[in-house]
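To start, the structure itself, in structure tokens.
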């Protein structure tokens, strides 16, 4: 079966190649990018999605901006770079990896301010590639840490897509699933379809099915039923931003899943690369929540599913209270409550 990668880099042609996730699972098509404006649109329109993948994509986008910067003196060049960074950062406000990757790129330019601008552009190219490669290693390590919390025969529920399609490879929430498959484990995954954009059915189910993993798609409102039937031993989801106290922003519906998991006594694990942890955001109340187009809710596949003109509330994310989370699993280790103290310790290592 084919391996689906969300992000590819063509080193010879200096182009970013993204899998168009808006047309999955019906078509598998890749789109090439070589401008900051194109990258902005790819993030805004969800050609690429998932916090880690967005961060990697934005890093390449800022390199593309730097590449065509009109300034040859560092002061003017860096001002231009900061403007383009702010522009890219505005594409999707909730995913902290986006601003993290852009800040890393800005810092790399600043570290090399005494060098020729042409050389700095080359350095930024290599930095974007490094961020890309690092994401792959982070995801694999998260999987290695998470699999220690699971056992052969496990039933897993996941929500949205924190898989290979949301990262550079392996995924975060799906990483232990790929590793369990390699170990020959017999396990089952239930994938919430994740309305309104159906990332669970169109993306997670697709990539796991293509990988030969036993996956069953369920509607969002079936989660309580499958939990009550004893089919779920663990809930594993990704995240877009984790506050300093452990409150976690993830795709809309995750909070409801966490409440159900707590009720049924099922562990709730957050798979989180450390760039998704925002120590400067105190609680979930401080996380900006993106509101999306009303037509995502009122129409599907070109057909209206609600009255035209009806009011729509369509937040892209909700915040899972830290009290509902069993553990946050990162590439640096497994973090248990109390999260406020232990997340801080994670960054002191």
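Glycine residues also receive a Cβ, built from the backbone N, Cα and C atoms like all the rest.
On a predicted model such as this, the values are computed, not experimentally measured, just so you know.
Counting Cβ atoms from all protein chains shown, residue 251 (substrate binding site) has 27 others lying within 10 Å of its own Cβ. Under the three-state DSSP scheme, residue 251 (substrate binding site) falls in the strand class. Look at Swiss-Prot and you will find 49, 50, 51, 92, 199, 250, 251 tagged as substrate binding site.
The C-beta environment of residue 160 (site 'Transition state stabilizer'), restricted to residues of the same chain at least 6 apart in sequence and closer than 8 Å, consists of 192, 194, 199, 200, 204, 237, 238, 250, 251, 253, 254. According to Swiss-Prot, the site 'Transition state stabilizer' annotation covers 160.
Marked as active site, proton donor by Swiss-Prot on the basis of sequence analysis: 240. All protein chains included, residue 240 (active site, proton donor) registers 32 other Cβ atoms within 10 Å of its own Cβ.
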Alpha-carbon distance [residue 240 (active site, proton donor); residue 92 (substrate binding site)] in Å: 11
Residue 199 (substrate binding site): tally of other CB atoms within 10 A of its CB: 28
Secondary-structure category, per DSSP, in which residue 199 (substrate binding site) falls: helix
49, 50, 51, 92, 199, 250, 251 excluded, remaining Cβ within 8 Å of their centroid (substrate): 54, 95, 160, 161, 162, 166, 238, 240, 316, 317
Cα distance (Å, whole number) from residue 51 (substrate binding site) to residue 240 (active site, proton donor): 5
